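Here is the structure we will look at.
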Amino acid sequence: MLGWLVIPWNQIFTAACGCFLSDRNYIHMMESNLDALQKTMEELKNGRDDLLGRVSIEEDKGLQRLAQVNGWLSRVQIVESEFKDLLEAMSIETGRLCLLGYCSEDCISSYNYGEKVSKMLEEVKELLSKKDFRMVAQEIIHKVEKKLIQTTVGLDKLVEMAWSSLMNDEIGTLGLYGMGGVGKTTLLESLNNKFVELESEFDVVIWVVVSKDFQFEGIQDQILGRLRSDKEWERETESKKASLIYNNLERKKFVLLLDDLWSEVDMTKIGVPPPTRENGSKIVFTTRSTEVCKHMKADKQIKVACLSPDEAWELFRLTVGDIILRSHQDIPALARIVAAKCHGLPLALNVIGKAMSCKETIQEWSHAINVLNSAGHEFPGMEERILPILKFSYDSLKNGEIKLCFLYCSLFPEDSEIPKEKWIEYWICEGFINPNRYEDGGTNHGYDIIGLLVRAHLLIECELTDNVKMHDVIREMALWINSDFGKQQETICVKSGAHVRMIPNDINWEIVRTMSFTCTQIKKISCRSKCPNLSTLLILDNRLLVKISNRFFRFMPKLVVLDLSANLDLIKLPEEISNLGSLQYLNISLTGIKSLPVGLKKLRKLIYLNLEFTGVHGSLVGIAATLPNLQVLKFFYSCVYVDDILMKELQDLEHLKILTANVKDVTILERIQGDDRLASSIRSLCLEDMSTPRVILSTIALGGLQQLAILMCNISEIRIDWESKERRELSPTEILPSTGSPGFKQLSTVYINQLEGQRDLSWLLYAQNLKKLEVCWSPQIEEIINKEKGMNITKLHRDIVVPFGNLEDLALRQMADLTEICWNYRTLPNLRKSYINDCPKLPEDIFVPLLPEKSPSRFFFF
């Protein structure tokens, strides 16, 4: 009964005094603190929501939120939970207050409650003061980037040997050496992938391609690119980069994999700390020279030898295929002789095996043996066996034109991915293949040659693109042949990817026939040149190039191909370009050039002119009279627009087969589609700043359309005209549902930006081969494909069954009212990449069932 008396008197006294005398005044300030707390909590929640919005946008790009952001959000979550508890007790505690809030019926409880409110208020204020993060996310740096490795034979034992050596505490640096094409890179890739199993053992595994013409900064950039997600280091000096690398790696247990060393690399100059037993780090490199192993002070060297006869035969058999080997009883014996000529070199076995994979007669196999025996070129070192073997694949090409096309592919840097169409345009203008195009402007002959080169293993087809590239060893062989096996090296100057800062002084201008300066650090070209024999000049993708002097083009009477594309800061073409009377190919796309020199009109032999993605403006007045031989004219995404004057010029270009253009006037668009020859030449079309009730696009007239862009337009209706003139002339009783494909057969890319007047884009169903679609800043669009319209189209055209059946890449940005993509978007069978941003009415998990293991990637099509 007297249990209440157990409360210590001093506690009661302290609480009572706290009601009136405490500096903190927890009881008296309780109500005002509660009001302030509720307001600041609202601010905190708003701040949290804003931050989560920023984080969501960055995570949609594939970035990872910062730990400090996560920590702040976690603290907010805890405070929010505690605040809810306080609110639940608020009515009880405030109800106990008396004497105008200066006292309480239960001073101890009110004092404790008031103290919690006060402290929480301070904590919320502190959180609010820290809510403004400059950065909220960063790129995810994986410890190991797994490599895709082709099928191998005889490599497993070597992988285990190298791995065992690496796991030895006494070995910090491991050298893998062997001749070119023997599989050193594949071995290094296999080691790289084994580190996936030991992610917890090492902090980071870094892959660096060194190559023959390496620069220290190039190696540093690759290392820093793996270590840091920011790009602030890009403009630093070489010594500063070395310091950044050292300070980062010094704290880590790292693995550095260096592929293709041709000479010693000073790791100290790069900034890489030496691997020691104490730090547990490792360096592994591949090289063709044992001397490099010694200079690099490798703790152990492992030779990557050619395959044994049995292993070589197994690889060759797999490459040729059993169908060919069984096509004649004598072929297996002859095939073993051919395989033996490869001396167990995997690259040669693959290349020659691929070349022989379509030879079904013993005569062809016997001829192959004779050619291999007669190719007795002697070269020091690796070239003694590799180049003659590789040259066999070159010699086996059908004719001279295919060989010329192949050799041309060596003018770009190692592993450069080049569009097939670009190669073909080069070859046509160089005169390697027939310049007469088909009526649709295409040249199947060029694609056929590329197919032959790919099947011969001389070119590599790139995944998911229409590009091809050349293996670096094959490229070396091609350059060797191009220089007449090294006898006429002055006739060709290729500095692609060499990071040179100026045009070399040792060029023999009188003799040189081909020059290529690609991806260099050249800023100005000011030399005076006299090049009576120069026919090909490639100066492209030089990001620092700002000027080419007038005198550079003064005397190049035989120049046929001039490619200046992707020099972003090049703003002017020299007037002396008018001296290039033999020029047939001119590409200035992706440059800062805004006007064309008057002298361009003198280039009457020009058949290819590319002005895409430039600031070039005007109507190209007089182009038909001054450049009458043009077959290809491209000004897509430039400031040139087809108007009445240019329309007449284009119609007068009687040889024109390929056109990319921009149109602002709907009547001009109608006139283009009304001209069968002109319309069929359109490959890329940009409709810009067009305001009209209706736009009609004819799938018949625009049958060759590959890219369509619609920018800043107000169009109430986009109608697809899929009927031919013959079909329109039929009576209604004669018209049946379409059984053939009625749509744009070649349209693969559509980009829509700031389109008004459209609630849906159901007309896109007529682009059944669409691979890339980007729609942005078009707030009135509610659906990409409307179900009712879509069903009507599919009923009319029976071959349109699955909407977007070939779509691979999809980007939707800033679409406030977009609620749906299409009624059965989950059947998109080929979607591999999606990017959705600021589409609040679109379900957040819209593609989760489609891409369970893929993160959205940011990409742009143009």
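Heads up, the Cβ atoms here are built off N, Cα and C, so glycines get one too.
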From the ranges 24-61, 214-251, pick the one that Swiss-Prot records as coiled coil.
24-61
Sort out the residues at least 6 away from either end of the repeat 'LRR 2' (533-555), same chain, that have Cβ-Cβ distances under 8 Å to it, and list them.
411-412, 430, 491, 496, 509-527, 561-577, 579-580, 587
Please average pLDDT over the domain 'NB-ARC' (135-438) for the predicted structure.
85
So what's near the repeat 'LRR 4' (582-604) in sequence-distant terms, Cβ-Cβ under 8 Å and 6+ beyond its ends?
425-426, 429-430, 540, 557-576, 610-618, 622, 626-629, 634, 639
Show which residues of the chain containing THR185 (ATP binding site), separated from it by at least 6 in sequence, have their CB under 8 Å from its CB.
ASP259, ASP260, THR286
Which residues of the same chain, at least 6 positions away in sequence, have a Cβ lying under 8 Å from the Cβ of GLY183 (ATP binding site)?
THR152, LEU155, VAL304, PRO346, LEU347
By a simple count, how many Cβ atoms lie within 10 Å of the Cβ of GLY180 (ATP binding site), its own Cβ left out?
20
According to DSSP, how is the repeat 'LRR 3' (558-580) divided among helix, strand and coil residues?
5 helix, 3 strand, 15 coil
